[in-house]
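What TrEMBL says about this protein:
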type	residues	note
DOMAIN	238-400	domain 'DUF418'
TRANSMEM	21-41	transmembrane segment
TRANSMEM	61-88	transmembrane segment
TRANSMEM	100-119	transmembrane segment
TRANSMEM	125-141	transmembrane segment
TRANSMEM	148-173	transmembrane segment
TRANSMEM	213-233	transmembrane segment
TRANSMEM	253-274	transmembrane segment
TRANSMEM	294-313	transmembrane segment
TRANSMEM	333-355	transmembrane segment
TRANSMEM	361-382	transmembrane segment
Amino acid sequence: MKPSPTLDKDRIITLDIVRGFALFGILLANMSSFKTPVFHLQSLPDYFDRLPSSLLDQWTVFFLDLFVIGKFYPMFSFLFGLGFYLFYERLSRKDLNAKHYYYRRLLFLLVLGFLHLLFIWSGDILHTYAIAGFFLIFFINRRSKTLLIWALLLLSSSAIFFFLLTTAGNYVVSLNEGTVYEKQATDLVETARQLYQHGDYTNLLAFRLKEEVSYILLNVLFILPNIIGLFLLGMWAAQKKLFQSPESYKSFWINTAFVSLLFGGGLSSVYALLKNSFLPIPSWLAHGAAEGLNIIAGPLFMMFYLSLFVLFLRRPQISRILQPLELVGKIALTNYLLQSLICIFIFYGFGFGWYGSIGVFAGTSIALIIFGMQIMFSWFWLKRFNRGPLEILWRAWTYR
């Protein structure tokens, strides 16, 4: 039997809408990385405190920390795991070699991710997803209970690891205040700012390959357990048919909404307070605790968002209102890459050169405008084609 891609009638509309919402949140979260040298600030955690900012900027940061940061990459990861299970199950039902097509699918994502990382933006997540995706094959025939246990173990161990790593790192940095090491870190951040704001593409590429890409690739080893845990959580949801048959799990989603709001909202509030130094503890400890806490708070709050979508999308009028998100979500891969292309043109020196010159509120406003443009682009494209341009290539390669 010849393999075929998912037909429109087989798509789960809720997933497209949630995927579009996740892309919006990812754009909001990534905006600071597009417009400031965040990849170099691990050795200079108090750098942002030195930047001029208005009260509006400060409250925008707190809002993003509370409702956005750490909530949407988990959502995207969750959807990847869920989508993997649905993809694999659909091909297996047709007695096809699902593993073969899945590996081809991952290979495309890996190559695309590396191209994105090397030549466009250092914040790429696709290559990490592709690498993590190869581990999922070991879990495909596991029971749902096993998937859930592994997911919780990986997420909790990641939280502890990042708490220890970030706390220790920030403590060491605090000991270097006023030393030659702090000056070197400050000089590197300033070099990055000048290059991104005024440099041409060739100079930027050379700098990124030397100072950023190797760090990002090394970082994959540290974040893999967290990503795999979120993938497994998505696989668990797919195996339980939480999205395929939402009416059968209405009570589950209602209970999940209350529990995830209570605990996810509470932990996210503590995270935001720690991250913004509202609590009377040393900054090195506050930032370390915040990073570890958000590994748990983010997925919990993500489940609150998911619960709301599943519960409210049972009403057709809500689905119609949220159709713009569905359009963006249908061509999520294309829109993810498009966000990078638009943002580097706005902020880098070979474009408008706004890098390092605008505040958080202005950056958030720009994100809203960009996402509005993506809605219009998605509507225009899907009027003429069934898939996005990258989705067409991905499908052609997968089923070749």
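Using N, Cα and C of the backbone, Cβ positions are placed for all residues, glycine too.
Highest Cβ contact count with the transmembrane segment (100-119) among the listed stretches 21-41, 61-88, 125-141, 361-382 falls to 125-141 (criterion: pairs under 8 Å). 148-173 is the stretch from 21-41, 61-88, 125-141, 148-173 with the greatest number of Cβ pairs below 8 Å to the transmembrane segment (213-233).
Beyond the ends of the transmembrane segment (148-173), by six or more residues, the same chain brings 42-45, 139, 142, 182, 222-223, 225-226, 228-230, 232-233, 236, 283-285, 287-289, 291-293, 295-296, 299 to within a C-beta distance below 8 angstroms of the stretch.
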